[in-house]
Amino acid sequence: MAGERDSGGAEEDDVDHYAVLGLPSGEEGASLTLKQIEKAYRDQSGLRHPDKRPDEPNATADFGRLRSSFELLKDEPKREFDARLRARRDLALRHSTLSAERRKLAADLDERERAAAAGGKEEVLDPAEQAKRREKKVATELKREFEQFQARMAAEKAAPTSTSASGNETEEENGGVAALDKERVLKVSWERELRDYSAVKLRELFDRFGGVEDVVMRTKG
């Protein structure tokens, strides 16, 4: 029996007794006088008495709830339930708001993580993107090598010569053309497994650094 009373008390605390009598609840309800509560009960009982609603199967139960709420509200100490009710509702509302915010944050985080994971997967598996990045890397490396080549040529031209004038004349007569060609030749190599370049593509890559007169490619048998 005690358990039944406790259960009923718990359910009773969940009822907004002011609303049962058609009164405002919350702080406004807590400030109502006993006369106002009695008047509301008389008005509601006149409307909701089972004798006035013979065709409604729930009329008796509804009138019982009306009378129980009135009995509680006319007892001043018991009206403190309203404070507990408001506190409980406010707490539930705060928890509900926080839970909604947490769910939204979690959903946003999941979406960002999925997008990042999808982006990473696409970066690894997309052959077109891989080829584009390899080409950019190779072009950067070729540019670096070409700049080093130009620096070496400039340094050699600036260095003082140790040969005599007659020696220079002999060199120009015998091998001047070969020496001139060597200064203007850049030799490059690459791994065919990563990328194969045609003469047209090589000319396109190196034209940005200066005019390219000719491209000679060696084929392996």
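FYI, residue positions are counted from 1 along the chain as it appears here.
Including glycine, each Cβ sits where the backbone N, Cα and C put it.
When averaged over the domain 'J' (16-93), pLDDT in the model lands at 85. Taken from TrEMBL, the feature domain 'J' covers 16-93.
Taken from TrEMBL, the feature region 'Disordered' covers 42-63 (among others). Remote same-chain residues near the region 'Disordered' (42-63) are listed as 21-22 (criterion: CB distance under 8 Å, separation of at least six residues from the stretch ends).
TrEMBL lists 42-56 (among others) with the feature compositional bias 'Basic and acidic residues'.
If you look up TrEMBL, you'll see 96-135 (among others) marked as region 'Disordered'.
Per TrEMBL, compositional bias 'Basic and acidic residues' is recorded for 100-135 (among others).
Per TrEMBL, region 'Disordered' is recorded for 152-178 (among others).
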